[in-house]
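Student: As annotated by Swiss-Prot, signal peptide applies to 1-25. The NAD(+) binding site annotation in Swiss-Prot covers SER46, ILE48, TYR197, LYS201, SER232 and is backed by similarity to another entry. The substrate binding site annotation in Swiss-Prot covers SER170. Taken from Swiss-Prot, the feature active site, proton acceptor covers TYR197. Residues or ranges marked as region 'Disordered' by Swiss-Prot: 311-376. Taken from Swiss-Prot, the feature compositional bias 'Acidic residues' covers 316-328. Among the features that Swiss-Prot reports, compositional bias 'Low complexity' is placed at 333-342.
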Amino acid sequence: MEMLLLGAGLLLGAYVLVYYNLVKAPSCGGIGSLRGRTVVVTGANSGIGKMTALELARRGARVVLACRSRERGEAAAFDLRQESGNNEVIFMALDLASLASVQAFATAFLSSEPRLDVLIHNAGISSCGRTRETFNLLLRVNHVGPFLLTHLLLPRLRSCAPSRVVIVSSAAHRRGRLDFTRLDCPVVGWQQELRAYADSKLANVLFARELATQLEGTGVTCYAAHPGPVNSELFLRHLPGWLRPILRPLAWLVLRAPQGGAQTPLYCALQEGIEPLSGRYFANCHVEEVSPAARDDQAAQRLWKATKKLAGLAPGDDDDDPDEEPEPEDPRAPSSQSAPSPEKTTVSGPSHSYQGSQDLSKLTQRRIQVKDEPTP
C-alpha cells in the first residue's frame, strides 16, 4: 500500500511539474484597446489562430480571418462576432499552397482595407496527408506562401507603421537542417514529413531574422513565436483514426489548450517595448535562444533568395527602378506550381470601402515583381 501511495505521489508530482512548465501558459498583456487597427490572422478558423483572433476582436480590432475553407472560415467569423461582441470580424479566402491564391488575397485585401497594423502567420500543416504534389507542400504552406504574402502586404504595413509581422514557428526548428539542393523536392513518407516540418519551422525563424534586417528603420518589426505544446487540430489531424481516441485524453492532460497556445503570438503582436527585439524568437512570452542553424545569417540570406524564386518573385528586381511602385500581378493567372486552382477571393462579413489610390510605396528601395505563372 505504501509503495502504491508513493507511486501515486510521484506521478502527481511529475504531472505538476509538467503542468507548470509545459501546460500552463503565461497570460499576454500588451495593448488594451485595438480600436481603429486591422489585423490579419491566417488559419484562424480553429485552434490557436481562432483563439488569437478572438482576443484581438475582444480588444476592438478589425480582424480578417484568412482561411482556406470558406465554410469553416465564415462559421468562425460568425462565432467570433457573437463571442466578442465585435462585428468587425470578416473572412477572406486564402490557400497558402497556391501562389495564385496568395496573390488574389493580397489584391482583394489591398483594394478593400485601408489599414494593416499586424500580420500574424498562424496557418500551417504538419503533414501532407494523402496529397501528393510535385513540390514540398510543407515548405510551401508553412514558409513560401507566408513569405510571398508578407512581400505583397509590406507596403500597407509600412504605411501604417509602427506595425508588426508575427510568424508562428515551433521548437521543432531545432531539428531542422536546410538542404538548399533539395529545398522544394516532394515529401514522401512520415520520416520525410517529420524532417520537412522541422525544416519549415527553421525557415520561419530564419525568415523572421532576415526580415528584421531588411525592415530595420522602417517602423515594421517582426517576431517568430513558439506557441508551446498545444492540443490543437494540427496535433490530432494527421494521426491514424484508431489512435485519436487514445491520445485525446492524454493530450488534454499534458498539452496546452489553444487559448494558452495563443498567448505568445499575442504577446509578439501586442506587447509594447519589444521593438528592439525585432527578428528574435519568443516562447512563453519571452525571448529564447534558437539553435545554431537558426542564427546563421548567411543561411538566412540564402534562404531569402531561394524563397523569392520559389514564390515567383522576379530574380532581377534589385536592378529595377526604385521609384516605381510594386503591384501584385493579376490573380486570375493560373499557377503551375500551385495546388488545385484557388476559389475566387471574397469577403464575408462587415467591410470597409476603400476610396482613392492604394498606398503601394516601395519598402526597401527595390521593386518587387510577381511573375505571370504559366498555364499548365
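Glycine too: its Cβ is placed from the backbone N, Cα and C atoms.
Since the structure is predicted, the reported quantities are computational estimates derived from the model, not experimental observations.
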Student: Can you tell me how many other Cβ atoms are located within 10 Å of the Cβ belonging to TYR197 (NAD(+) binding site)?
Tutor: 25
Student: What's the number of neighbouring CB atoms sitting within 10 A of the CB on LYS201 (NAD(+) binding site)?
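Tutor: Cβ-Cβ neighbours of LYS201 (NAD(+) binding site) within 10 Å number 28.
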Student: Could you round the CA separation between SER46 (NAD(+) binding site) and SER170 (substrate binding site) to a whole angstrom and send it over?
Tutor: 18
Student: Show which residues of the chain containing SER170 (substrate binding site), separated from it by at least 6 in sequence, have their CB under 8 Å from its CB.
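Tutor: Listed in sequence order, they are LYS201, ASN204, HIS226, PRO227.
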Student: According to DSSP, which kind of secondary structure is SER170 (substrate binding site) found in, if we only use helix, strand and coil?
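Tutor: Once the DSSP labels are grouped into three classes, SER170 (substrate binding site) ends up as coil.
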Student: With every protein chain in view, how many other Cβ atoms are within 10 Å of the Cβ of SER46 (NAD(+) binding site)?
Tutor: 19
